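Notes follow once the structure below has been shown.
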Amino acid sequence: MAAPSGVPPLRVLEELGIGLSPTGEVTEAVTSEGAYYLEQVTITETSEDECEYEEIPDDNFSIPEGEEDLEKAIHIIGEQARDIHILEQQTILPARNVMQEAIEDFLCNFLIKMGMTRTLDCFQAEWYELIQKKGSDFKGLGNVPDVYSQVMLLETENKNLKKELKHFKQAAEKAKEDLLRTQKERDFHRMHHKRIVQEKNKLIADLKGLKLHYASYEPTIRVLHEKHHALLKEKMLTSLERDRAVGKISGLQATLKNIDMGHIQVPVIKGSYESASITRESGDRAGHSCEKENSSEGPTQKSLREAREEVGYKSKLKNEKKDSEFPVDMQPDPNVTSCTENVSAAKFDYKLNNIFRLHELPVSCIVMHPCRDYLISCSEDRLWKMVGLPQGNVLLTGSGHTDWLSGCCFHPSGSKLATSSGDSTIKLWDLNKGECTLTLEGHNHAVWSCTWHSCGDFVASASLDMTSKIWDVNSERCRYTLYGHTDSVNSIEFFPFSNILLTASADKTLSVWDARTGKCEQSLYGHMHSVNDATFTPRGHIIASCDARGVTKLWDFRKLIPIVSIDVGPSSGNEVNFDQSGRVLAQASANGIIHLLDLKSGQIHKLVGHESEVHSVVFSHLGENLYSGGSDGTIRLWI
């Protein structure tokens, strides 16, 4: 490498770590990068034929003009090669050791900086005197540390400490959360353990009580077993006596039949029993001789005559009253349905307008007259009342049931009324006369609901005895008893203008029946609680039902599958009714609220005005008014 211009060669050698001895010889200088040597080379002259020449590009070096000789060219090439070799190697710079400033130098520099020359002179004089006197005692005083380095070290240490502090805080928070969670789990398991122990102790106590209870039943069971055997013996004896009595009755009936036909002559008693003679006639009734007018009628003859008269009377009544026939093809009566032709649009913004206080006890059912603006209300006070609308004037009051009334239904013509009661009867009333015309008996428990067939010849009833009955109004007898429900039948309704019946039961099911055969055609499952009421839309394509948990379900009557379920509970839904358009469904709830469901949009509107339970709800003919009956004995008008 060529030395820069203006720099002495010795200086360049010193920078490279190479020096010369006083005699001019080259000396070796060892640096951190290694040893460098300077050798003297003598180039001998050789023939040009023996040398191999290498072309050197002109761009790599430059020789000033006038100094172009072989020695300089070789020197420059060698320097260039060394430079390339040095650049290819990884240069390791020596570590820089910064010497800290001595204390006395720091003080001197501080005094000079502040311009305190006199103080500096005094300090230096006194300091050097001390050094001369004590010598090496001041060598261990140390140096002044570098403030900036110390600050950086402290800052770095501070940052590290802050990071560690943050890490420890996070770990502490996590440990705290784990501790709280563990404590909660411990408390939960402790409480659960205590509860299990209490339940265990309770079950042990109950088990001991049951063992004692069942032990006390053993003597009773033994006594009942003995009674059972005794009753079986009595039953066998009773069966024998019954068979004997049936034989006697059969003989008496045969005797009566023969007497009626004139084949047997009634004996005339003369004196003792042995003198009585029975003469069999072979002719007709004209040859029958009997001295009845000359002898007194005995008790046996009197009983036979009364039995014959009773049987004849019943057979005569039976022949006079014939059973009605179920219609085969029915169409809506235009005279009955004419009042519902002009139905207004659906309405939801009803407001409480009037309160009719009609009964002293809760209202159980309200129904609208098929055509007129009349309303019938039934109550637990054993009365039903006909009310004129919209004034609420009582037009007619009916009494005759011996227990609370549960429901009522108008005859399709509107001239008759059927009522069901807790006295297990159904009564038919003539509204023109205001009196009961027929009482239907046959249920074993309270009757919850009744409904008229569209032809007006049949009435169906639902009872607590888990059965429903179809009554023939003309023959005044039960045509069919519908068995199938496993709990109380709460509601019953005829499908409009058909022979199909719909029942709702406390066994959480709905059933569809054929009234002509009395058989169940289909059962609908879906409710989780007792079904209180079920009804059809005016068109008859949808069934609505509500249960004791406030759940209302809509069913497709054609497919007999559920469409939608609306939960407005947990209060019980007591009754559901459609308006004449079939778009609005009203539900009477036990919490005093009337829920109106829009079947088109699915929205639910609430009517609040009752102070207690709502038992029944019904729309007016055109849907402009709504009537509701509550447990406070009132009927409320909503317009």
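Every residue gets a Cβ built from N, Cα and C, even glycine.
Values in this document were obtained by computation on a predicted structure and should not be read as measured data.
If you look up Swiss-Prot, you'll see 146-218 marked as coiled coil, on the strength of sequence analysis.
Annotation source Swiss-Prot lists region 'Disordered' at 280-333.
The compositional bias 'Basic and acidic residues' annotation in Swiss-Prot covers 281-295 (among others).
Per Swiss-Prot, compositional bias 'Basic and acidic residues' is recorded for 303-325 (among others).
Residues or ranges marked as repeat 'WD 1' by Swiss-Prot: 358-397. Computed over the repeat 'WD 1' (358-397), the whole-number mean pLDDT of the model equals 95.
According to Swiss-Prot, the repeat 'WD 2' annotation covers 400-439. DSSP states for the repeat 'WD 2' (400-439), grouped as helix (H, G, I), strand (E, B) and coil, give 0 helix, 23 strand, 17 coil.
Under the heading repeat 'WD 3', Swiss-Prot lists 442-481. Packing against the repeat 'WD 3' (442-481) from elsewhere in the chain are residues 321-324, 326-327, 330, 403, 406-413, 416, 418-426, 428, 487-494, 496-499, 501, 503, 505, 513, 515, 517-518: each is 6 or more residues past its ends and has a CB under 8 Å from a CB in it.
If you look up Swiss-Prot, you'll see 484-523 marked as repeat 'WD 4'. Taking DSSP states H, G and I as helix and E and B as strand, the repeat 'WD 4' (484-523) has 0 helix, 23 strand, 17 coil.
Here the repeat 'WD 5' (526-565) has Cβ contacts under 8 Å with residues 340, 487-488, 490-491, 493, 495-496, 498, 502-510, 512, 571-578, 580-582, 585, 587, 589-590, 595, 597, 599, 602 of the same chain, all six or more residues outside its ends. Residues or ranges marked as repeat 'WD 5' in Swiss-Prot: 526-565.
According to Swiss-Prot, the feature repeat 'WD 6' maps to 568-608. The list of residues near the repeat 'WD 6' (568-608) in space but at least 6 beyond its ends in sequence, with Cβ under 8 angstroms from a Cβ of it, reads 340, 343-350, 352, 532-539, 542, 544-552, 554, 614-619, 621-623, 626, 628, 630, 638.
Per Swiss-Prot, repeat 'WD 7' is recorded for 609-639.
Beyond its flanks by at least six residues, the repeat 'WD 2' (400-439) meets 333, 336, 361, 364-365, 367-372, 376, 378-384, 386, 445-452, 454-456, 459, 461, 463, 471, 473, 476 of its own chain at Cβ-Cβ distances under 8 Å.
When DSSP labels each residue, the repeat 'WD 1' (358-397) comes out as 0 helix, 23 strand, 17 coil, counted as helix, strand and coil in that order. Sequence-distant neighbours of the repeat 'WD 1' (358-397) (same chain, 6+ residues past either end, Cβ-Cβ under 8 Å): 336, 338-339, 403-410, 412-414, 417, 419, 421, 431, 434, 613, 615-621, 625, 627-635, 637.
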